[in-house]
Amino acid sequence: MIISQLSKLFIFFFICITLICFSSSSNFPVQYSILGPNLDKLPSQDETIQLFQLWRKEHGLVYKDLKEMAKRFEIFLSNLNYIIEFNAKRSSPSGYLLGLNNFADWSPSEFQEIYLHSLDMPTDSAPKLNGPLLSCIAPASLDWRNKVAVTAIKNQGSCGSCWAFSAAGAIEGIHAITTGELISLSEQELVNCDRVSKGCNGGWVNKAFDWVISNGGITLEAEYPYTGKDGGNCNSDKVPIKATIDGYEQVEQSDNGLLCSIVKQPISICLNATDFQLYESGIFDGQQCSSSSKYTNHCVLIVGYDSSNGEDYWIVKNSWGTKWGINGYIWIKRNTGLPYGVCGMNAWAYNPTIRK
């Protein structure tokens with residue numbers, strides 16, 4: 001691997017020279033474009049440096065000094081090696097690919113420390129949907145985005161507040177379905193005011209729902225803007241309530257349970273997302289993650305389902321911005337036969353309720 005051949009000092013020097021020598025990308029090989037995941041071989045040293053500079057430009061990254069740039073380049077190169085090796089092993093046309101997304105200069109440990117927080121899932125009294133709902137009438141495919149029940153992709157930034165984005169997204173969905181009005185709700189209000197959860201250090205979707213119920217509702221994002229920071233005062237008494245729920249249910253822990261819930265509304269789930277970092281496209285099968293119900297570190301929102309080349313998948317909204325995944329979304333394999341689904345995604349699914 002290239003990284004073993006280059007000392008940090010040489011990388012440091014090489015980057016400095018590249019900033020001068022590669023001011024234009026017009027002659028850069030098309031197959032190494034950062035706009036797609038289809039790198040089929042490791043670039044040369046010169047091409048790798050230029051690729052790094054193009055990637056930095058694409059993502060608007062400016063490092064504090066050349067030492068930091070050298071460190072980030074080293075991580076970028078390690079991730080690039082991994083991406084090429086992983087993608088070469090794809091066995092299905094619908095299988096997932098990795099790519100040089102906005103986390104390509106993060107090490108796995110850095111990524112997990114900031115974005116993924118493993119917390120014990122609390123026991124609660126939410127009723128589980130089971131029995132008759134395990135058999136339901138469902139269309140071949142469904143996408144709540146097409147039914148104007150899903151807001152635009154958001155970005156939680158360097159704050160482990162995925163739980164708040166998942167909960168707010170589920171409330172946005174049921175509110176839109178019930179009232180015909182799609183509104184963007186405040187994740188920051190949940191981060192500041194749900195004291196059971198841990199703000200930027202992780203939290204629980206169901207506890208966010210508990211807070212919304214006890215508060216009598218939640219306000220708009222515009223009224224209580226997202227800062228990506230916790231520890232602030234709860235100012236819920238200073239903003240108007242714009243959406244309410246009267247309860248929530250824990251979904252039956254199976255593919256059919258999720259299916260029979262998603263036909264009614266978008267639903268919140270928590271799962272093991274350790275392998276999400278460099279996801280680019282395709283159906284994520286989670287072969288390298290645990291499907292245990294006891295380990296979760298990230299919460300997202302299921303907004304629909306479909307099939308590709310005979311493989312079924314869930315359409316899942318994430319909160320890492322539009323430069324991650326499929327414009328901010330990930331497709332996760334469904335109907336796997338696993339007790340708790342891919343990466344345990346069936347184990348902790350919730351849907352808020354509004355009684356008409």
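Any Cβ shown, glycine's included, is placed from N, Cα and C.
Marked as signal peptide by TrEMBL: 1-25. What TrEMBL lists as domain 'Cathepsin propeptide inhibitor' is 52-111. Annotated domain 'Peptidase C1A papain C-terminal' per TrEMBL: 138-353, in sequence order.
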In this predicted model, what is the average pLDDT of the domain 'Peptidase C1A papain C-terminal' (138-353)? 96
With DSSP helix as H/G/I and strand as E/B, how many residues of the domain 'Cathepsin propeptide inhibitor' (52-111) fall in helix, strand and coil? 35 helix, 3 strand, 22 coil
